[in-house]
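Colleague: This is the structure I want to talk about, given as structure tokens.
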């Protein structure tokens, strides 16, 4: 059985050795909840990796959003290259749930775009949990949403051993049951092709290997893994297990039982609606449900089949849905990153979903059983959560209430101390900030400025630009690709000042930033709470000359607590450095590292990454494009590559190609 093997050239330092020891001790003592209170840049992920290696337990890592999940995935993948590090997030690039607006009598159909690559990674994640102990699954709050039950999923699994007696037609029927499709032309994920007695199958959870089964007289003579692109055989296999294309696949007999249950509920609901004289709703419900039943009987599924999940999984009314947590072994470990954000998210999901569905049920678009197609409630999530470690620089009230032990990780391995915090009058904040920016720019350093409103951020950006400051503005309308580009440009020195509203949310990691300016710091509220202030101040904690300036006319309670906590940490860090003769060193981080994990690559997309180098060297051969026709053709080629990178979440590579396309378009106009 494989064990976790941590691969790193670093040794735990600063507060890390003691934090690792205490966390491991707490897990082995059976503590249900612990908190790792780790400051920005203290190496919390490295500490958790050491804990995982020592306790040797399958681990679920919960992040507050896809971007941070991707970063964590990249970091854990680097720490555990020989183990199963998987990525389980929502596979929707775009999702519009069905909804009804009674005030305007508007029904909005469900509309969604599924990311095929992330769907493959989700299947790979559950396969890893079912097959091996050395699994780390990095996920978001999507893990509390309904998933096919592991019992039903495992019933559908197809095992093939070398030497098995196996009729070819029976094998093809079983593959069809797993929702695999036969395709002789386009050999892609979850398809198979037949050439005489040779059957090539591309597993649903794989993006780099296909399986070849060779039959001889209804006996499995050979099983091999091969490259679906080149046909190169990697290795011979004694056996292989094929998993369904979807977590929601259901055996035929279960479908037939479900149909009977749905018919029974439909009959009861129609009686209720007729008695209430809701004739339009009754007619609508009957028409929609009977159409769905016909589709299920004919095809095995229908659009919106998840609304009948209670019957498909055999659950009683009101029971929690099967989720990713049902795939975890009993001794698993749960790590909640940025827990002050992640934990409240879990509670919010159920309420929003319930409100929308109740309207659909009331107006005859869905039956009451659709309410059981839902995320877990907060109390249900608490019941199924294994031993938990909350990880945050600013733990929230839930962590304070539940943590059996709080482990501090305040001293950084680099010896860097928290930034000095200074309070200055708000009256002259803009002019004072401008003079501070000039000092930092002269020293080759960068500045973050955070405001309260979008309008003020825009006005401040305009004002600084008018005074010859190279400034950019980061706001919610900027998509992920462009956000990565802006952050990279700041680090490269393309501009010097980044203005935003809620910069802490981005999980920014920029050692070049030496000053964080918080304007109107005394305006109490979400953006100026104690936790928000500590998080924002921490953005300057990776620079040797880090400093934070809070512009305020009054010192609020939140400000005072944030300043006191920063000062407490700073004193502890300085005392540790003096006692151990440590000279603080600045963090040196490659510019390309900023979104290392966001690529969430399989081996195939890793190979594609080499294409990004072409973007860097492109100037050399773009000069060879002479005619407008050649330039137009080149733009089309690059646009296709850019969209592929975006689909694979390789945002930096996509951003590079976008810049190149813009340059070519300028050439096209000028020519």
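Each residue, glycine too, has its Cβ placed from N, Cα and C.
Pulled the feature table from Swiss-Prot, pasting it below:
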BINDING   38, 39, 40, 41, 42, 43, 44, 45  ATP binding site
DOMAIN    25-412  domain 'Helicase ATP-binding'
DOMAIN    429-582  domain 'Helicase C-terminal'
DOMAIN    632-667  domain 'UVR'
MOTIF     91-114  motif 'Beta-hairpin'
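Where in this structure would I find these features, and how exposed are they?
Modeller: According to its DSSP assignment, residue 38 (ATP binding site) is in a strand. Within 10 Å of the C-beta atom of residue 38 (ATP binding site) sit 23 other C-beta atoms, taking all shown protein chains into account.
Sequence-distant neighbours of the motif 'Beta-hairpin' (91-114) (same chain, 6+ residues past either end, Cβ-Cβ under 8 Å): 122, 303-304, 356, 359-360, 363, 365, 647.
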Colleague: Suppose the ATP site is 38, 39, 40, 41, 42, 43, 44, 45. Which further residues of the same chain have a Cβ inside 8 angstroms of that site's Cβ centroid?
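Modeller: So the extra residues in range turn out to be 47, 393, 409, 412.
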Colleague: Please report the DSSP secondary structure of residue 43 (ATP binding site), reduced to three states.
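Modeller: Once the DSSP labels are grouped into three classes, residue 43 (ATP binding site) ends up as coil.
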Colleague: Average the per-residue pLDDT over the domain 'Helicase ATP-binding' (25-412) and send me the rounded value.
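Modeller: The answer is 89, the mean pLDDT of the model over that range.
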